[in-house]
Amino acid sequence: MSPFKIFFFTTLLVAAFSVSAADFNTDVNVAWGNGRGKILNNGQLLTLSLDKSSGSGFQSKTEYLFGKIDMQIKLVPGNSAGTVTTFYLKSEGSTWDEIDFEFLGNMSGDPYTLHTNVYTQGKGDKEQQFHLWFDPTANFHTYSILWNPQRIILTVDDTPIREFKNYESLGVLFPKNKPMRMYASLWNADDWATRGGLVKTDWSKAPFMASYRNIKIDSKPNSNWYTQEMDSTSQARLKWVQKNYMIYNYCTDHRRFPQGAPKECTTSS
């Protein structure tokens, strides 16, 4: 059997569930938290809570080699300083691959920081951070990870905020060989999450709660996402977000990379 056929068969095997939507009972397990993670409304809603003793988290029952995963999330309201709410993909092992949405809480009235990163073979250091153009605690909003062999696209309410392309031809690592599981969690990170750890979690406000709904997992290789690219409209929206709401970009951190930006940052396409 040719390498391509083996690869395609593996993709089909890992993507056995194909497309699933909006049923946490079917698609995920509450992995930790001693009852702080709860599946409600016949599998249509999942809540995670955090108190001084523990946070909580859940994970998909299946691993996926490429896919498009949508999740609606309503973040912790009020004074969420010190808390981190997450939605991400991650493979197993010490040289893991990972694609991150991490929502760093803040004091009442201050915006959340959306922290994104991409790891390949255990190496990350590709952080981009954003503020959002809405209050993510007032209503549910859709956060999506599109991961295909050519690119990773992160979107918020169908607006792209980040694209990470496959530049293996330039020697840049890209996650494409290891199936990943979907994870989500709510946990305390007041040693670093808010203003570098200067603002601590106010436990008098506990328990903190984040809500998830309308999970949709499409891992079917013949779907549109498998070859999806950014059209001109999407590129314009991406530039709008990055111009107005990006607050950190590793590509422009000259102190961190005094010898020059990483290779993927210097490409024009």
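Glycine is no exception: its Cβ is also placed from the backbone N, Cα and C atoms.
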Same-site xyloglucan binder from Glu102, Glu264, given that Swiss-Prot records His115, Thr116, Asn117, Asp125, Lys126, Glu127, Asp191, Trp192, Gly196, Arg256: Glu102
Secondary structure at Glu127 (xyloglucan binding site), reduced by DSSP to three states: coil
Using Cα positions only, nearest of the recorded positions to Asn106 (N-linked glycosylation site) (Asp100, Thr116, Trp192, Cys251, Cys265): Trp192
Where the record names Glu102, His115, Thr116, Asn117, Asp125, Lys126, Glu127, Asp191, Trp192, Gly196, Arg256 as binding xyloglucan, the maximum Cα to Cα distance in Å: 21
Same chain, 6+ residues apart, C-beta under 8 Å of the C-beta of Glu102 (active site, proton donor), given in sequence order: Val84, Thr85, Thr86, Tyr88, Leu114, His115, Thr116, Asn117
Number of Cβ atoms other than its own within 10 Å, given for Cys265 (disulfide bond): 16
